[in-house]
Amino acid sequence: MLLKELSSLASPLSQPQVEKLKQLTAELNAVQLAWVSGYLAATANASGNLAQLAPVSDAPAAQTVTILYGSQTGNGRGIAKALAEKAKAQGYSVNLASMGEYNVRQLKQETLLLLVVSTHGEGEAPDDAIELHKFLASKRAPQLNNLHYSVLALGDSSYEFFCQTGKDFDARLSALGAKALLPLVECDVDYEAAAGQWHADVLTAVKPLIQTTANVVALNDTGSAQVASESEFTKQNPYSAEVLVSQKITGRGSDRDVRHVEIDLGESGLRYEVGDALGVWFSNNETLVDEILAGLGLAADATVTVGNESINLKQALIEKKELTQLYPGLVKAWAELSASPELLAISEDKEQVRQFILHHQFADLVANYQLKADANLDANKLVELLRPLTPRLYSIASSQSEVDTEVHLTVALVEDEHQGQARFGGASHFLASAEEGAEVKVYVEPNKHFRLPEDPQTPVIMIGPGTGVAPFRAFMQERVAQGAEGDSWLFFGNPHFEQDFLYQTEWQQYLKNGDLTRIDVAFSRDQAHKIYVQHRIKEQGQTLWQWLQNGAHLYICGDAERMAKDVHQALLAVAVEFGGLSSEAAEEYFETLRSHKRYQKDVY
């Protein structure tokens, strides 16, 4: 078979590995190819580990449980890894892998498949699940009559397409003849208990189908090598760091309060790569908690049980419970507790619920929808009703190549007003209010889907309006530290030049030094007609297209609901106008860039 005809379906390689192999060998002549072929064969024979390198599925199928995960953050991988460890303890042979590294050619050989997958954006598969998701939906997908499977879907019920990717996998596997071990398990943001129950249930369901003759977990997991060197500080065990700076970087006349926050990681040993996020645990505002307690007529010192801990109600609401983000289940529950005709009507309409939760918090439910007389909502029932507090993720705005043990964030203070009452975002208000020396509990959340090119000479195009510019500040610090010679281009936008040009002097210095090749800005309200970054992209379309043809990597960070979609449409228009592509071919072009890791998004 010719190398140019090679695909993951006809080799033991995944598609990303195939593409990398093609790229590495494209410039070799026949003599060089022959030498490389001989060298690799000799290396493989010398290792004496050919049997060890064979896919786990080459073992008798009934002996192996394959566990695949697809997740934008590390939650899915953590659930899958914990399941693999439990399966090992029960004597099972396990193949654990990211969906992005899994060779779909193996699928028809599987007999036991357990999937953990999240949903990203508006019902979209996370980056590492896209290829498998597409394959299962295609005509190439085989019949899977010998397969037993189970799917754990991760999602956030405050979004319309809750757990959609998991639903897609479940439906498609069933349509291909596979048999479900359990009904689809849908997990909200407080997924820990449901995931733990799934672990127990699915291993019980697997037991009659497998012989426990193996006792080794085969980790076909690109992240497994990294696990050994990870910091002891995690989401479950965060590091208590010190706030060094929380400085407003928008002007006095701006209607936006954006903070530059610097945090000292001290001697924690925490390491991050540019593109990663910082998880921030926060406490709810005490004044907000007092308002809720007064509105419900509940005593602050009432004893409640949260998990295995007995604490007073006020402490539980400050430290343990989500108060600033509503979700559909809570709106529906409160509608029933209040018997409010208005809220009941809202709770029955998905779009009305979606709009309602964007502009209301739990305190608004308490203030505006009084409980009916027989609601009987006591302190313990209240904490059961509210879902657990979860950390917020912020794109890291620094490189440790420059700031060493510090980590920098760009935080927009979330502010809203409802019936004259100001409401603030939980984490953003916590960070904005933090004084020098204050403690904040943090951990690093890796994002392998938002990485600079391995070759510093590769050009990069960075599109980051508003606080979406944060990771590109980190990118530039890293590129300077690398001595990168590749061109770099930033698109930035915000309402006003004088008030909202985040990190203006830094960008100007990068331009002056030649580290940043060019910058195009869009200040939407500095003229009669609004101008956004997507307009600048179209204006510079010919040059942008040439950069892409020269191998540039393309990055987008910021708002997923509107900005990222508008920017994508602008990029498609550029490909049509300046690349001469049809609309369908333009979509395929950017899909190819994405699969080659040349088109990456960090959107939220």
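Every residue, even glycine, has its Cβ placed from backbone N, Cα and C.
Per Swiss-Prot, the feature FMN binding site maps to 71-76, 118-121, 154-163; the stated evidence is sequence analysis. The feature FAD binding site is assigned by Swiss-Prot to Thr324, Leu358, Arg392, Leu393, Tyr394, Ser395, Thr410, Val411, Ala412, Gly425, Gly426, Ala427, Ser428, Tyr604, with sequence analysis given as support. The NADP(+) binding site annotation in Swiss-Prot covers Ser524, Arg525, Lys530, Ile531, Tyr532, Val533, Gln534, Asp566. The domain 'Flavodoxin-like' annotation in Swiss-Prot covers 65-203, and the record cites sequence analysis as its basis. As annotated by Swiss-Prot, domain 'FAD-binding FR-type' applies to 236-453.
Across the domain 'Flavodoxin-like' (65-203), the prediction's mean pLDDT works out to 94. Summarising the environment of Tyr394 (FAD binding site), the number of other Cβ atoms within 10 Å of its Cβ, over all protein chains shown, is 26.
Between the binding-site residues Thr410, Ser428, Ser524, the minimum number of other C-beta atoms within 10 Å of a residue's C-beta occurs at Ser524.
Take the CB of Arg525 (NADP(+) binding site) and look out to 10 A: across all protein chains shown you find 15 other CB atoms. Close to Tyr532 (NADP(+) binding site) in the fold, though at least 6 residues off in sequence, lie Pro465, Gly493, Ala522, Ser524, Met563, Asp566, each with a CB less than 8 Å from its CB. Mapped onto three states, the DSSP output places Ser71 (FMN binding site) in coil.
Of Ser71, Ser118, Gly121, Tyr394, Gly426, all annotated as binding-site residues, the residue with the shortest Cα distance to Gln534 (NADP(+) binding site) is Gly121.
Annotation for Val533 (NADP(+) binding site): same-chain Cβ neighbours under 8 Å, separated by at least 6 residues, are Ile463, Pro465, Phe491, Phe492, Gly493, Asp520, Ala522, Met563, Val567. Residue annotation for FAD gives Thr324, Leu358, Arg392, Leu393, Tyr394, Ser395, Thr410, Val411, Ala412, Gly425, Gly426, Ala427, Ser428, Tyr604. The furthest Cα pair among them is separated by 22 Å. In this structure the alpha carbons, written CA, of Thr324 (FAD binding site) and Asp156 (FMN binding site) are 15 Å apart. Sequence-distant contacts (6 or more apart, same chain, Cβ under 8 Å) of Gly74 (FMN binding site) comprise Lys235, Glu445, Pro446. For Gly121 (FMN binding site), the nearest of the binding-site residues Tyr394, Thr410, Lys530 in terms of C-alpha separation is Tyr394.
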